[in-house]
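Q: Encoded as structure tokens, here's the structure I'll be asking about.
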Amino acid sequence: MSDSYSTTDETTDSEAANSTDTGTEARRPGETLDETTPSIQEIPERETVIEATDLTVHYGDVEALKPVNVRLPEQEVTAIIGPSGCGKSTFLRCINRMNDMVDAARVGGELRYRGTNVYGDEVDPVALRRRIGMVFQKPNPFPKSIYDNVAYGLKIQGYDGDIDARVEESLRNAALWDEVKNQLDSSGLDLSGGQQQRLCIARAIAPDPEVILMDEPASALDPVATAKVEDLIDELAEEYTVIIVTHNMQQAARISDKTAVFLTGGKLVEFGDTNRIFENPENQRVEDYITGKFG
Amino acid sequence: MTGSSSSSDDARTDGDELARPEGGDHVRTDGGEHANPFATVGDDIERKQRIGRVFVAVCAASTLVGIVALVVLLADVLLEAWGWVTLEFLTYPPSRFIENYYPGGRGAGIFPALVGSILLIALTAVFTMVLGVGAAIYLEEYAAESRLKGFIEANISNLAGVPSIVYGLLGLAVFVRFAGFGESLLAGALTLTLLILPIVIVSSQEALRAVPDSQRHAAYGVGATDWEVVRDVVLPSALPGIMTGTILSLSRAIGETAPLIMVGAATSMFRAPIEDVSGIPVPDLFGPFAAMPMQIFDWARLPEGDFQHVAAAGIVVLLSILLLMNATAILIRNKYETR
């Protein structure tokens, strides 16, 4: 128990140091404590990309997501944390309508992407997914060559530029180019797990989406590969809006700017700056969860 | 106690010359310092191990029965056919006179039935690939889970068990009479298609189901449409499985006799079902045809003794084609599995 306390403290400290370096979000742990009214719905300094209004999901008769109201800012890393079965993946999959593939799933309320309700009649989920890329829990490259894996999204989206150049750029951005540049024709499945996941990230960013959803992208990876993916997420946030589900609180503290905490029952309990959530959560149960008392 | 157990440990690790001389029985009765720590649980395990060995023996014997029967059958047929499978046998039409089959005779054989069977199976392959794979894709990839879907799938599985003669009757009623194809190659191929369609659908569905959902999600995630997901991701992954199932079904169809009797295939034809259209040989879809199983049956029932050798030669040709098809299925599977 005391163990988890100390690790949490350590990581939040280093996170605070990191954000001082990056500037905009800088806030010493002490300052958050002094704030008089840390409102739950902090007005994001950046423009909102995703806005959920009373968003609910039912699987059959089971309520997987209680009404969620949240606004996710652009070009930041938002972490979604919470115990197993709390609806965090369900929420993530609402954003690019991957829940459509679950026959029993029903979505209520609104989820706006740049002001348009993605569950509106006029929205084609295929078009939506071209703006919102996704990286999954288990690396799932196609059983095709590395090149074809990255080029697939470009080809089906009718990219009319230089596909070769775009593939190279994506692999570079995914920090994989130097490792695979001489074996672009070999199968993506021949790579190690960590490389496969970076290949999947390259595949997701190749068609240049605006938002990248990540569903526990490092949970199947070893620590070294995890560290590489985390570094990568940091860099991706300069260009893309990243929304990442993780069950690893240290990871959330390390890499995210904003954190959303879901707790059992599919309820979004708290959302705000990562530093504040980890240093001074408003909700007692969030504090218990973050300090490792349950979950 | 602790001291003694540690000394026994030492004895064991020190080497065999110390541990071995004190035999198992001695150690157990002694009860003192070298007691077998597993003594009380040993008997039960011993009994279970014996049951396990009996089980393995029964399984191995079952395997052996099948293999021995097959080998005996094959050896018998091969011995009967020895010397009768000649180039003439493969390239000449059948004859009523046994002398024509003798080596150095005028030449007689299985040619029309061989060509008939190959055309029949080729046509059946085209029909089943289109209908069977189409149905499997619809059921697996598109149809929503519902009672109707469950009902349809249960019925398809049941259809796989319907005797082939029933399909023959259906083919006679629908294709020969109602559709007016007559006793033709086309009617035969369509009947065989119906016969193996349930098996092809079920095996194709299994192949499609074996494609992990993570692959589909990956494609959807980069903005693929349903059709693109099926075309680019699901089908390429499932194709080896689909091909294997289809080829194995076709090798069942090529040996079928009953449905062909019903749709009126000739037992013996002197001409292959091939037309000459301005110099190019074209399959005569609407003409009469013979197939190998029926030709073999025709030979086997002839009274003259040497015709048994001719029938055996026919069986060897049929089995060779079967073997060829199965080998193709295995090759396809291996080629794509190792990728």
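Placement of Cβ uses the backbone N, Cα and C atoms for every residue, glycine included.
Below, the features straight out of TrEMBL:
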- B:1-39: region 'Disordered' (REGION)
- B:9-33: compositional bias 'Basic and acidic residues' (COMPBIAS)
- B:54-75: transmembrane segment (TRANSMEM)
- B:110-139: transmembrane segment (TRANSMEM)
- B:114-328: domain 'ABC transmembrane type-1' (DOMAIN)
- B:159-178: transmembrane segment (TRANSMEM)
- B:185-204: transmembrane segment (TRANSMEM)
- B:310-332: transmembrane segment (TRANSMEM)
Q: Sort out the residues at least 6 away from either end of the transmembrane segment (B:110-139), same chain, that have Cβ-Cβ distances under 8 Å to it, and list them.
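A: Those are 89-94, 149, 152-153, 156, 185-186, 188-190, 192-193, 196-197, 200-202, 204-205, 207-208, 230, 234-235, 242, 246, 249-250, 253-254, 265, 268-274, 283, 285, 289-295, 313-314, 317-318, 321, in sequence order.
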Q: Six or more residues beyond either end and a Cβ under 8 Å away: which residues meet both conditions relative to the transmembrane segment (B:54-75)?
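A: For the transmembrane segment (B:54-75), the nonlocal Cβ contacts are 319.
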Q: Counting only residues 6 or more past its boundaries, what in the same chain has a CB within less than 8 Å of a CB in the transmembrane segment (B:310-332)?
A: 74, 77-78, 80-81, 84-85, 89-90, 98, 101, 110, 113-114, 117-118, 240, 243-244, 247-248, 250-251, 254-255, 292-293, 295-296, 299-300
